[in-house]
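Trainee: The ATP binding site annotation in Swiss-Prot covers GLY34, LYS35, THR36, GLY37, SER38, GLY39, LYS40, THR41, and the record cites sequence analysis as its basis. Swiss-Prot lists 176-208, 264-366, 392-501, 535-638, 664-802 with the feature coiled coil.
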Amino acid sequence: MKPLHLKLNNFGPFLKEEIDFSKIDNNELFLISGKTGSGKTMIFDAMTYALFGKASTEQREENDLRSHFADGKQPMSVTFEFQLNNRIYKVHRQGPYIKEGNTTKTNAKFDVFEMVDGKYEIRESKVISGTQFIIELLGVNADQFRQLFILPQGEFKRFLISNSREKQGILRTLFDSEKFEAIREILKEEVKKENAQIENRYQQIDLLWQEIESFDDDKIKGLLEVATQQIDKVIENIPLLQARSKEILAFVNESKETAIKDYEIIEKKTLENNILKDNINQLNKNKIDFVQLKEQQPEIEEIEAKLKLLQDITNLLNYIENREKIETKIANSKKDISETNNKILNLECDKRNIDKEKRMLEENGDLIESKISFIDKTRVLFNDINKYQQSYLNIERLRTEGEQLADELNNLIEGLEKVEDSIGNNESDYEKIIELNNAITNINNEINVIKENEKAKAELDKLLGSKQELENQINEETSTLKNLEIKLDRYDKSKLDLNDKESFISEIKSAVKIGDQCPICGNEIQDLGHHIDFDSIAKRQNEIKEIEANIHTMKSNIAVHNSEIKFVNEKISNINIKTQSDFSLEVLNKRLLENENALNNQRELNKFIEQMKEEKDNLTLQIHNKQLRLNKNESELKLCRNLITEFETLSKYNNITNFEVDYKKYVQDVNQHQEHSNQIEDKLIQLSQRKLIEQNNLNHYEKQLETYNNDLELNEQSIEMEMSRLNLTDNNDINEIIAWRGEQEELEQKRDTYKKRYHEFEMEIARLESLTKDKELLDSDKLKDEYELKKGKMNTLIDEYSAVHYQCQNNINKTQSIVSHINYLNQELKDQQEIFQLAEIVSGKNNKNLTLENFVLIYYLDQIIAQANLRLATMSDNRYQLIRREAVSHGLSGLEIDVFDLHSNKSRHISSLSGGETFQSSLALALGLSEIVQQQSGGISLESIFIDEGFGTLDQETLETALDTLLNLKSTGRMVGIISHVSELKNRIPLVLEVKSDQYQSSTRFKRN
């Protein structure tokens, strides 16, 4: 990501400000300079806020970014343009604020644009989705951006001095290692779940084992005393338990079967005695009831006499009823004959009227026949009347169109002949164009090589001059440095170290007196006077310091010039002078012009020929289409003429409308005549059928009357014969007998009931006498007592057997469940062993006491430290190297950083470094971190870095080394910007972004020193 343009409105001290980063040439190192509080860091805040909606430091909130001097009606906004992977983007973020006069907050806005074909096209227009788009585009979030692109105050050395837990948070964010922690948690939960399942299965086994019935049997109790944790012993005891349970069940079953047999014997004996007792009682009762039934015998005999008489008179009564029915039928037949004769007379009258109507209709038959003939002949015309009518309408139009098409066809043919004459024998020559293009390309390449070589030679001469000038300066500075070192060597430094010696000597003098033994040398003190000229020594010390400062300045200048020579040498090595043509630029340009003219002429000729061919093809196509249209016109015109001729010949009409009206009228007349004729025929047929039906009915009624008269005569004869047989003289005798018929059913039922009961008593008494014959009745009370005793014993043993059988089966089921649980538990422990081991390893229970996440983070930290040491070795003159502290505890250590001092060959805590050494280490570590993150992430493009930290803690030599490091970053294609108050940087860095403040707002400008 490389900044291009930054626009700030009401942001911090900037009310309306624009910064054009495109003024920075070739990723030049530049300094951001200004007074304290002028808003230098706010530039970093603006870029971070534009991208992520956050400041460059976590401590600064969004509300702190709005200018206190902003117009209450204007929003705070930042517009940031940047380049990423050769594509240009623009983001515009407006912060939320309460507009002056309002009580509700105006919402934030965020738009993301991408430049396409020189214009910006919007990609996102919502705050949340837009910010997510930027995170995915850059490949980093706000925290990662602070670590990789912008190193703000307070953040620069945080990674270096942080403890393991703090580094874990930073590295977790940068390398997205939370997924490894998630794996650990998943495995932890999986193990926890598996352990719970295993424990639950142990509990189920123990519960089942405790529930096994012992039957109060000592052997079973002994087997059940085994603890369920002894799984193998439990498996061994289960068959023994089952065998002993079967033995107990068999013993109880044998007792039960004996009791059942005893019960069945007494039950049978009791049942037989009860049956005998019931049979004797029933026999006595039936005999008494039978005697009472026989007393009804006289009444039954009287009933049978009445029923016999009723049976004998039945035929006579039937004949009397039949006579009444026959007389009714005769009367009905006479009535039907009279009504049928009247219907026949009415039908004959209706037929005469319809015959008259038919004769009137037949008088118009000839006229209707002529109309039917016309309809049959012209029906085909009427069915397609639209076709013929359209022919009358189209014939004139088709004549006109045909003449017009013929004229247009002749014109097109003439045009085609002219185009063919223009083309002649000419053909397009594209091979010649290819040859000319190749020749032009080759000439342009030769011209470009000559121009590039001239430019490269000029650049080489300039660089060689700069190099020579730098070498001369280095020679002069080296000579001056040698003179200063010679001058410095002339001083005896061993006698000039006066740090605290003067006060130390004064303290010794105050503690001793003349004659005492010296605590330093052990000799007797002879004199306490002054023997050292401290003023002279101090003067020489100042001279030495001045020389050492000059030496340091010379070394710094030499280092800077050596770095510049190195940079110039790199540029010289990158200059490539290619082999060029023997021809001069003038000759090549002349040949280029000739080929370009020939190319243009050939292109014009090809273009003209192609246009003529295209016009020829177009005319040919038009002629073909016109000919098709003309042929179609002639065909349609011929068809219209044939249809009109056909219509007029068949119909004898020359007007479609008149024909259509007459045809419809004829059809209507014919249909009406036909319909009327059909109606008359239908009526005649119906009348004939109805008359025939009535005639048949009349014959039927007459025959029926004759039959009824004969039946009546025969029935009278039968009545006379029956009365004679029954000795009945008149109807009174008959009526008396008829009165008994109402009681006949009751009398028959009474008789039948008597006979049925009489027979049943005979049968039942005979049966009971056979059952009780030769049998003795026993004492019922004694039998009952014995029965109850045997039954109680049997039920008790059955219940006991059922309980024992159920408990045995239950024991079998439980032991089977126990075996199943144990088998599943063993398999589960075997299957999950690898998961348990893996969970322990990733949780830190391993030989390194590291969690999986910390193991990964240590791997990345080792890579970062290795990359950082490449630069730290240069900056510290091969004295310091960063090392990772190897001592670890359970999962949370191993990320601390110590420094290894190659001078003392020992490692020490990072806090023992001086301010300048800490800055060097922090810078090297930050650059190493950014490079490793870029290597791992792939999609992150680190084209710029901004630093706001610590240059004031560096001495001159260290400052020069740090600048060399940053210059090397620039040579890798990265824009480097730094914030500092160090005056030497203003002299060393030619490009400065100056931030000025006038108390209430700030402004910026680029300037060169």
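Including glycine, each Cβ sits where the backbone N, Cα and C put it.
For each listed feature, how buried is it and what is near it?
Mentor: For THR36 (ATP binding site), the same-chain residues that are 6 or more apart in sequence and have a Cβ closer than 8 Å to its Cβ are HIS981. In the three-state DSSP scheme, THR36 (ATP binding site) is classed as coil.
Per-residue pLDDT, averaged along the coiled coil (176-208), amounts to 78 for this model.
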Trainee: Comparing the binding-site residues GLY34, GLY37, which residue's C-beta has the most other C-beta atoms within 10 angstroms in this structure?
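Mentor: Highest number of other Cβ atoms within 10 Å: GLY34.
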Trainee: Rank the binding-site residues SER38, THR41 by the number of other Cβ atoms within 10 Å of each Cβ, and give the residue at the low end.
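Mentor: Selected from the binding-site residues SER38, THR41 on minimum Cβ neighbours within 10 Å: SER38.
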Trainee: Do any residues, 6 or more residues outside the coiled coil (176-208), come within under 8 Å Cβ-to-Cβ of it, and if so which ones?
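Mentor: Residues 228-229, 231, 234, 814-815, 817-818, 821-822, 824-825, 828-829, 832, 835-836, 838-839, 842-843, 851-853, 856-857.
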Trainee: Just to be sure I understand the packing, how many Cβ atoms besides its own are within 10 Å of the Cβ of LYS35 (ATP binding site)?
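Mentor: Around LYS35 (ATP binding site), other Cβ atoms within 10 Å: 12.
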Trainee: Out of 264-366, 392-501, 535-638, which stretch has the largest tally of CB pairs under 8 angstroms to the coiled coil (664-802)?
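Mentor: Most contacts with the coiled coil (664-802): 264-366.
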Trainee: Just jot down the residues in the same chain as GLY39 (ATP binding site), at least 6 apart in sequence, with C-beta under 8 A of its C-beta; none if empty.
Mentor: GLY12, PRO13, PHE14, VAL995, SER997, SER1002
Trainee: Within 8 Å of the Cβ centre of GLY34, LYS35, THR36, GLY37, SER38, GLY39, LYS40, THR41, which other residues of the chain have their Cβ, at the recorded ATP site?
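Mentor: In sequence order, the nearby non-listed residues are PRO13, MET42, VAL995, SER997, SER1002.
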Trainee: May I ask which residues of the same chain, at least 6 positions away in sequence, place their Cβ under 8 angstroms from the Cβ of LYS40 (ATP binding site)?
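Mentor: Correct list: ILE32, SER33, GLY34, ASP948, ILE979, VAL995.
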